[in-house]
């Protein structure tokens, strides 16, 4: 007769059945502030790349202000994703080996140091400034990468099964506030410098349109990313290790009961004898590369990794290069008609408006509805609606670029962000934290997230070149397929994401042990797992 480890350990049953308490909200804020910082650090670079081009690559004899050369632009935008991918794999694995809490602090310290280092990229030549900036942004990304599997795993292991999806999604929803904060901070700083040091447009005075003060603007914006990470370090270190890691991985039921007794404000018994029995049975001890894992969770891992990969190609293409799209539809004036700080101000104003109206609301629709309609339905709907709105932008693209129709384009464009976040951008983060065994949970989430960042790199590097006008590419670029055809490609990628969603199981209302198979005896290895891909 199958015997549940969850039934065997009172501490896990107590966690699953716990009413929503203050510690749940504390965990959301502490874990969520990491994601707030992650989003701020990853996306604020797109707000200042135009400024970097003006400061370091402007030739006053040319009719247009300088821009970052193609290779430099790709490196500045994409190097953090390379670091993030590496960090997701490394810290995901380390979180299963050393514990969630001990690794959690490492990532935060790295983020603080590298945020400050990014702003202090001091050198004598443009090449050396960009090289130093890329160095610090790689290691910043490395720290950010660790936050993905650790934050998701900690929140899933703290939550009760009734509202677990909402709690994990709420942590991820802080990313929306981070994107919004990046826009607001850039808006405030650029407005303050613009008011204090007014400059002429480039076409009126090429050299005078920049000013030495502009060099402080991008540095301050990047360095401020250290503040929220620094503020949450103390609270992260006060959080106890999750009971599921302590009990199911470290095999210390006594410590798990003691830690959760304090958190839940209930008395839990020492269950060391029950734990010894479970250890002696050797249930569910298979590794990541074992046939048992492949049979139980192989398709699940393919599903979570592939959908996250496809989603991030589209999502990061949109986010990083929305400034170029706004310029293409004439929502932001031509660069030569503005000073350097005017351009930063207008780009940040556009991104802030889009984040406020499309990005942030989408996250919170997911938070409120994920435990009502389920992860599977939200992800399918999100991929489908992103496809619809991207086609709605691409098919009549020339209509949207004509004067008087730009507002309609921005509204349609905002809906693609809304359904990315009320859709796969949230669910691809939530599901990998729920469906894998405790001893492999952080590792598998890290693998899935790393696949996503591989997609983000394709979006960051590929879209930069693909979106170039086939007839009039930017200086230093080869002709691309244009923004319209790029939108068609992204729509096709979303259709693939829709299809691969059918490999991902529904975890709504189920315990972590039920989803991972840890609630089953492993005596009959040939027996099929109870959890199958849902609605496939």
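Each residue, glycine too, has its Cβ placed from N, Cα and C.
A TrEMBL annotation is a machine prediction, not a hand-curated record.
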Would you mind telling me which of 341-361, 446-466 TrEMBL tags as transmembrane segment?
446-466
Given the ranges 136-155, 216-235, which one is assigned the annotation transmembrane segment in TrEMBL?
216-235
With the ranges 68-91, 236-259 to choose from, which does TrEMBL describe as transmembrane segment?
68-91
Same-chain Cβ contacts of the transmembrane segment (216-235) under 8 Å, 6 or more residues past its ends?
26, 29-30, 33-34, 36-37, 40-41, 44-45, 47-48, 51-52, 55, 105, 108-109, 111-113, 115-116, 118-121, 140, 182, 185-186, 189-190, 193, 341, 344
Does the transmembrane segment (167-196) come close to the transmembrane segment (21-48), meaning at least 3 CB pairs under 8 Å for residues 6 or more apart?
yes
Maximum Cβ pairs under 8 Å to the transmembrane segment (68-91) - stretch from the list 103-123, 167-196, 376-395, 407-426, 446-466:
446-466
